[in-house]
Amino acid sequence: MAEDADMRNELEEMQRRADQLADESLESTRRMLQLVEESKDAGIRTLVMLDEQGEQLERIEEGMDQINKDMKEAEKNLTDLGKFCGLCVCPCNKLKSSDAYKKAWGNNQDGVVASQPARVVDEREQMAISGGFIRRVTNDARENEMDENLEQVSGIIGNLRHMALDMGNEIDTQNRQIDRIMEKADSNKTRIDEANQRATKMLGSG
């Protein structure tokens, strides 16, 4: 009888321990799910900010392109005016043959973004492991929830990986666009300075 009582006590203790571990494991999966959902929300906000920044860069580069077009017209007018005034100085052609001009405008992409962020894909079906994510012990609703939580965590982690790749691609694209904008801005400034000098010289000669 004493041995039976001891065995029952031991079994009850094992059951209590199993229940305790199941409760702790369930809470752990809930915390994991909350953390990855917060990370996903932060990732989405970051992608939205990058997209808005990309639109701003597009507008800036379009402005640089418009200045370039306007300067072509202004340089042509100055050249015609210079011929009329008997001046042969035409630094605009020399400027257009310079390395800086070719670098800024030679391969003008007109602000076209080379790559767009890929669509975030839910990978839960791909990541789900046949038979579930956990080894069953208590075989109750807690383990069902644990399995569901881990499946969601796995899917969100897959999404986060795609988000990270999208962010990296978008940042690389924007960095290249910023370099183009800087080159175009420098080229436009040089051309505006040259045009001002020519106009001043022609006015002075008049």
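Please read every residue number as a count from 1 along the shown chain.
The backbone N, Cα and C atoms fix where each Cβ goes, and this holds for glycine too.
Copied from Swiss-Prot, the annotated features are:
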LIPID     CYS85  S-palmitoyl cysteine
LIPID     CYS88  S-palmitoyl cysteine
LIPID     CYS90  S-palmitoyl cysteine
LIPID     CYS92  S-palmitoyl cysteine
MOD_RES   THR138  phosphothreonine
MOD_RES   SER154  phosphoserine
MOD_RES   SER187  phosphoserine
REGION    1-23  region 'Disordered'
REGION    111-120  region 'Interaction with ZDHHC13 and ZDHHC17'
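SER154 (phosphoserine) and SER187 (phosphoserine) have their C-alpha atoms 50 Å apart, to the nearest angstrom. This prediction places the mean pLDDT of the region 'Interaction with ZDHHC13 and ZDHHC17' (111-120) at 45.
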